[in-house]
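Here is the structure we will look at, set down as structure tokens.
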């Protein structure tokens, strides 16, 4: 039947009979986990939206009403709030896997994925404002004020975002509308992302063409994805039932007060790396540019010159640089939770510089390793002949052209 019905035939080709590499590891599970996170966030968000009131005087109380009076409301809000943290944890792992295995050379798939990431960050930020607690209000005030650093149009843009001359009712309503509608735009982008992925095919841990040994997506990877989904949902349930406030800021349990500024304003943990970079630059415009650059720099990765190997799995130098980058990302996240004072201020500056240096050093490691491999061949010319290096170079170049054409 699925071959006779046109819709089921298309769906089957995408989810059922899709050829997939035979050697995919758990690092390829995060795509399906992200899909599950998106569905859960939309479902719980829709159920909460019918009880939420986007007005300054009632927003905080409506959230309390959801938690205390609505049947299962405490579960919905805890699952939605903590689900955002799981969502970003999966997307960071997904991006990290893509950087390690050079998935950014699948240009269209990567660029749509980067756009997904930017839209997701905007959705998460507007959602964080909706409870209208202290951190929500001041976070909205600080972040929207950053747009005033844009020359000429900055102040007008900020007033347009606010809907007035300060963060208020109009701001909250606009953020709520965006937060409600943007996930559906995200679903369209996810569909485009998957279409491009299926057009180019998935990579694999070996970094070689595996079309000759492809297997159907069902049942091999459906079952494998189900294992990952069960583990993630189980972990989310443990957080929701045992530590529902694990990722929440205690300051945000207080209603917003424009007359009282918190001692230390910080965003959610998944924004802390960018927040550290922002506050490490003493100039406002420079900080905003560094903040935007820390995310938008992902768009330039497809412009890198291609190496002979697809991925860093055969390059110990690139592996060291990559894991140093991951460690530095964790340091940036930690420093974002600390006050702006010595020694955290200095460490944040150093970590911010190292963050951007990675994108310069990482591609250089490919050519350093390739040159070292080919140079070592010269030492074996007595055994294999003078043209050994040229022969192997020609082989690798032909392999490279076949892989990336």
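Each Cβ is built from the backbone N, Cα and C atoms, and glycine gets one as well.
In TrEMBL, the feature transmembrane segment is placed on 74-95, out of the ranges 8-29, 74-95. In TrEMBL, the annotation transmembrane segment applies to 316-335, one of the ranges 316-335, 376-395. It is 285-304, from the ranges 265-284, 285-304, that TrEMBL records as transmembrane segment. Taking Cβ-Cβ distances under 8 Å and a sequence gap of 6 or more within the same chain, the neighbours of residue 80 (heme b b562 binding site) are 41, 44, 45, 48. Within its own chain, the transmembrane segment (175-198) has Cβ neighbours under 8 Å at 14, 18, 35, 38, 41-42, 45, 49, 52, 54, 106, 108-109, 112-113, 115-116, 119-120, 122-123, 126-127, 129-130, 140, counting only residues six or more beyond its boundaries. Taking only the Cα positions, the spacing between residue 193 (heme b b566 binding site) and residue 179 (heme b b562 binding site) is 21 angstrom. All chains included, 21 other C-beta atoms sit within 10 angstroms of the C-beta of residue 193 (heme b b566 binding site). Listed as Cβ neighbours of the transmembrane segment (316-335) (distance under 8 Å, sequence separation of 6 or more from its ends, same chain) are residues 92, 96, 99-100, 269, 272-273, 276-277, 344, 347-348, 351-352, 354-355, 358, 361-362, 365-366, 368-369. Among 33-54, 107-130, 218-242, 285-304, 33-54 has the largest number of CB pairs under 8 A with the transmembrane segment (74-95). Fewer than three CB pairs closer than 8 A are found between the transmembrane segment (136-154) and the transmembrane segment (33-54), and contact between the two stretches is not assigned (pairs 6 or more residues apart).
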